[in-house]
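Record features (Swiss-Prot):
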type	residues	note
SIGNAL	1-23	signal peptide
TOPO_DOM	24-674	topological domain 'Extracellular'
REGION	60-117	region 'Disordered'
CARBOHYD	ASN145	N-linked glycosylation site
CARBOHYD	ASN264	N-linked glycosylation site
CARBOHYD	ASN275	N-linked glycosylation site
CARBOHYD	ASN285	N-linked glycosylation site
CARBOHYD	ASN296	N-linked glycosylation site
CARBOHYD	ASN300	N-linked glycosylation site
CARBOHYD	ASN426	N-linked glycosylation site
CARBOHYD	ASN439	N-linked glycosylation site
DISULFID	CYS537-CYS575	disulfide bond
DISULFID	CYS543-CYS576	disulfide bond
CARBOHYD	ASN549	N-linked glycosylation site
CARBOHYD	ASN565	N-linked glycosylation site
BINDING	SER633, ARG638, SER801, ALA802, ASP845	D-serine binding site
TRANSMEM	675-694	transmembrane segment
TOPO_DOM	695-715	topological domain 'Cytoplasmic'
TOPO_DOM	728-741	topological domain 'Cytoplasmic'
TRANSMEM	742-761	transmembrane segment
TOPO_DOM	762-932	topological domain 'Extracellular'
DISULFID	CYS859-CYS913	disulfide bond
CARBOHYD	ASN886	N-linked glycosylation site
TRANSMEM	933-948	transmembrane segment
TOPO_DOM	949-1135	topological domain 'Cytoplasmic'
REGION	951-987	region 'PPP2CB binding site'
COILED	1080-1129	coiled coil
REGION	1082-1115	region 'GIT1-binding'
Amino acid sequence: MRRLSLWWLLSRVCLLLPPPCALVLAGVPSSSSHPQPCQILKRIGHAVRVGAVHLQPWTTAPRAASRAQEGGRAGAQRDDPESGTWRPPAPSQGARWLGSALHGRGPPGSRKLGEGAGAETLWPRDALLFAVENLNRVEGLLPYNLSLEVVMAIEAGLGDLPLMPFSSPSSPWSSDPFSFLQSVCHTVVVQGVSALLAFPQSQGEMMELDLVSSVLHIPVLSIVRHEFPRESQNPLHLQLSLENSLSSDADVTVSILTMNNWYNFSLLLCQEDWNITDFLLLTENNSKFHLESVINITANLSSTKDLLSFLQVQMDNIRNSTPTMVMFGCDMDSIRQIFEMSTQFGLSPPELHWVLGDSQNVEELRTEGLPLGLIAHGKTTQSVFEYYVQDAMELVARAVATATMIQPELALLPSTMNCMDVKTTNLTSGQYLSRFLANTTFRGLSGSIKVKGSTIISSENNFFIWNLQHDPMGKPMWTRLGSWQGGRIVMDSGIWPEQAQRHKTHFQHPNKLHLRVVTLIEHPFVFTREVDDEGLCPAGQLCLDPMTNDSSMLDRLFSSLHSSNDTVPIKFKKCCYGYCIDLLEQLAEDMNFDFDLYIVGDGKYGAWKNGHWTGLVGDLLSGTANMAVTSFSINTARSQVIDFTSPFFSTSLGILVRTRDTAAPIGAFMWPLHWTMWLGIFVALHITAIFLTLYEWKSPFGMTPKGRNRNKVFSFSSALNVCYALLFGRTAAIKPPKCWTGRFLMNLWAIFCMFCLSTYTANLAAVMVGEKIYEELSGIHDPKLHHPSQGFRFGTVRESSAEDYVRQSFPEMHEYMRRYNVPATPDGVQYLKNDPEKLDAFIMDKALLDYEVSIDADCKLLTVGKPFAIEGYGIGLPPNSPLTSNISELISQYKSHGFMDVLHDKWYKVVPCGKRSFAVTETLQMGIKHFSGLFVLLCIGFGLSILTTIGEHIVHRLLLPRIKNKSKLQYWLHTSQRFHRALNTSFVEEKQPRSKTKRVEKSRWRRWTCKTEGDSELSLFPRSNLGPQQLMVWNTSNLSHDNQRKYIFNDEEGQNQLGTQAHQDIPLPQRRRELPASLTTNGKADSLNVTRSSVIQELSELEKQIQVIRQELQLAVSRKTELEEYQKTNRTCES
């Protein structure tokens, strides 16, 4: 107990001493391993609460036009003025970005503070909520798994319901300091807050906050637009100013001049009212600096001619006296214009050193029109309002965390929760916490956070210094020379312009650290390709693949490689490139070291085997390699023997399977459309056929017996024939409807069929290939892995982190899968893709599996299940390597600056397999297995046709006789014309007109022959050749050609002559083509009980036939008389 009391006393004393004493507390047992104060955590609800007051929105004023930039911050959801209640804000662009703000990436579209073409509204409530959300995701920020909560004051000015009788919406709730104090007590303090965050906008509000902190003994952090002067130095009231101090630019510029010994300088001002007071004070206080002249071109910028003449005069005056020119208040367009004119007078570097005194936006720096050697400074990211709010909240959290490890009760339990009963103890919780606030420093989003004096929180941004130089290809590029940190310049690798100028004749490269780096081929982190004919690498890094880890052998190979007489066999040389090679090159550039690269001899990551470490770990431990750069997983076993940097890539383990195309089933041709669609199509088809039939039979112009003397009838079977022909697009002869309504409906049905058929055709190819199936695994805990059935094979890479994880977590599973493990990742992928496959599942790092899936041209690979065993890739180093911390710090910078994101996009932005599916469908060939269902359907159709034929015979022999006996079922013309004829026609009725036709033919085909003297012969031909159908009742042919007669007679000289005499017959009535006796002109059949109308019609037809026969008889008798007279005349002549 006495020992603990001494340590407690030492900790209390250190609180009163400067910050270095805080380091002593790191070794205090009671501070480093304090037991969890369960009762205290229960009382505070496992949360640290921070109050918030003065939450009225801010409206920022625009800056000068020359510094204005476009941008905008998405507004959050406002409070509802009608309901009087506050609602949580909707996520905005800044909100969504703040989730990644801890990694240093700027929010897309966020406007920088103090910039913008116009006024901008800032919402403290939104910033507080998002700050709490982000900080609660940071692991280890608060001890004992505590979380941050924000308690916001109720303010009538924002539409909240006033809770106090002294506050009203018509007047500001903080107009009276005492009322403000009471309001804070009743709405914020009573909930037990450790500190208050405020957003005052006036000096009066600052005084109110001074009063609150003094009376309630609660730390108050005020975030202000600009620093307010204060008479009292209240350590409980701190203020953080958002306004960037101009002295920072002045300090950086002066340090640049001092480092290069550029003490004689001149100033060039593009804006006369630009504030350079701080810069002038710093140079005047240093006796080494001498200001030659000040060139003010503000009045001449508008006219190029005036600017040219003015610069010519001024440059002539300083040509020989001033080696350095510092520019202030110039935008990039003005700078380019000035440099173009200066070049005409020969004043470009190195004759004149140009320095930009104002902080520049690094993203806007360009190289066009700027001279080599130009020096600029600026920040890679600009601070936004949310940065400062989150940094203030993080300052409180860090102070509470540090204080909790010393005295948890005093740090976590607020002393003031009732304003009416303020405790007057010697040390309140607020006073205790304020001491830690003053001694807390950290690197925040807005800059380096620390407390200056006792009341000012400073946020110093790190400036980077850039120089325009030539890249290795000879092109101009901005090169980083160093950074401004903690009030001084920290140089990076490289050489400053003045140093290069002094040593350009006898410059010697400094000695660089030379490292031997081992790697392992793993796509996309490391690729290899063959070298060219000369043994060099046009792209990538030259590496050796000696297939050994013998250190002496590697020494000889690299020694020969660097000698003038290179004798390394060409088979050992490779060109290495990829994600990790780019990272290695960047590290070498930033840390100023050279390296030799080789591929690990055994191709293993490293595992403890046969009493020693293999692979990459073995090379690091044996001293063969100084660094291992590849997809090197950080696990417990490796971390115990070698050093790892902070992870540069986060991943997990995953499971890779192969998809298989199943054979298309018999009914696959039906799959393009759902069964409900097929049902709907055929229902709509028959409904359409019914309506087509109804429209045709109800129309006066339809193809029906009541129509306009139609020779055909449109029945329901005709409608079905039309609908099916349009649906399947067959070009068979159809009987289209004649009425307008029917044709319109038929065209609508054609449009419907066109869209259905197009949809079916578009989906047919994708469906015909069959469904893709794969092994469905839920993850590492899937029963198929723990209890594999016979024939299920899965494995991983030997001596990898995946195998180590399975060995430690699931020994039985590891024992089963050992027989299926493969040497490398490509082997496992190939085993999956083989036909037949040698593996059913492959377990490996998901980062590697995702890449294999993305480059799979056959689209057969797929990752399944939930990821497991979260891990990271790090750079391996020998134990206790001095490079570990430096490389880890650079990797953290690469993450915050977005360099790692660039690498990820470069090597992982591959076209996904899903978007390349068109390349597969273009060459898709379908075999008979894909159309087996259609052949089956055709065979079924043949069988149904045979059954239909049998059915026709059954109907004809059995059903028709029965229906004929029923007089009510004789009319079927609207349904089927053939069925109707079959019911209404008999054999006897068809036989009578046939016999009659034959008798008429015989009577019409007659021939008379008369022989005269001289063996003459008179032949009488019939007037026409009438076919067998021309004497039928319904014959419609005319007999106009039956009016010519041929005669053979002798002239008066007794010579036989042939003559033709035209004889006009008596016109015959028009006759129609005869149809079967049981049919009328429009195809209607007579019933057995003939109606009166049909009898009259038949009598009229018979009368016409009799008239025709009578006329023919008269003609025959007349002709007979003529012939008889002619015969008598001849006889008289002979006598």
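In case you wondered, yes, glycine gets a Cβ from its N, Cα and C as well.
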Given ASN549 (N-linked glycosylation site) and ASP845 (D-serine binding site), what distance in Å do their CA atoms have, once rounded to a whole number? 25
Cβ contacts under 8 Å made by the transmembrane segment (675-694) with residues that lie 6+ beyond its boundaries: 714-716, 718-720, 722-724, 727, 737, 742, 745-746, 749, 752, 756, 974
Round to a whole number and give the Cα-to-Cα distance in Å for the pair SER633 (D-serine binding site) and ASN439 (N-linked glycosylation site). 38
What count of other C-beta atoms do you get within 10 angstroms of the C-beta of CYS543 (disulfide bond), across all chains shown? 25
Cβ neighbours within the same chain of ASN264 (N-linked glycosylation site) - under 8 Å, at least six residues apart: PHE289, HIS290, GLU292, SER321, THR322, PRO323, THR324
Let me check the 10 A CB neighbour count of ASN565 (N-linked glycosylation site). How many other CB atoms are there? 5
Other than SER633, ARG638, SER801, ALA802, ASP845 themselves, what residues in this chain have Cβ atoms within 8 Å of the centroid of the D-serine site's Cβ atoms? TYR605, PHE632, ILE634, ASN635, LEU653, SER800, ASP804, TYR805, GLU871
For CYS575 (disulfide bond), just give me the three-state DSSP call. strand
In this structure, which of the disulfide-bonded residues CYS575, CYS576 has the fewest other Cβ atoms within 10 Å of its Cβ? CYS575
The sparsest Cβ environment within 10 Å, among the glycosylation sites ASN285, ASN549, is found at ASN285
Grab the D-serine binding residues from the record (SER633, ARG638, SER801, ALA802, ASP845) and give me their largest CA-CA distance in Å. 17
I'd like to confirm something. Which of the binding-site residues, ARG638, ALA802, ASP845, has a Cα closest to the Cα of CYS575 (disulfide bond)? ASP845
Here the 10 Å Cβ neighbour count for CYS537 (disulfide bond) comes out at 18
List the same-chain residues at least 6 positions away in sequence whose Cβ sits under 8 Å from the Cβ of ARG638 (D-serine binding site), in sequence order, or say none. GLY606, VAL617, PHE644, SER801, GLY876
Count, for each of the recorded positions SER801, ASN886, the other C-beta atoms lying within 10 angstroms of its own C-beta, and report the residue with the smallest count. ASN886
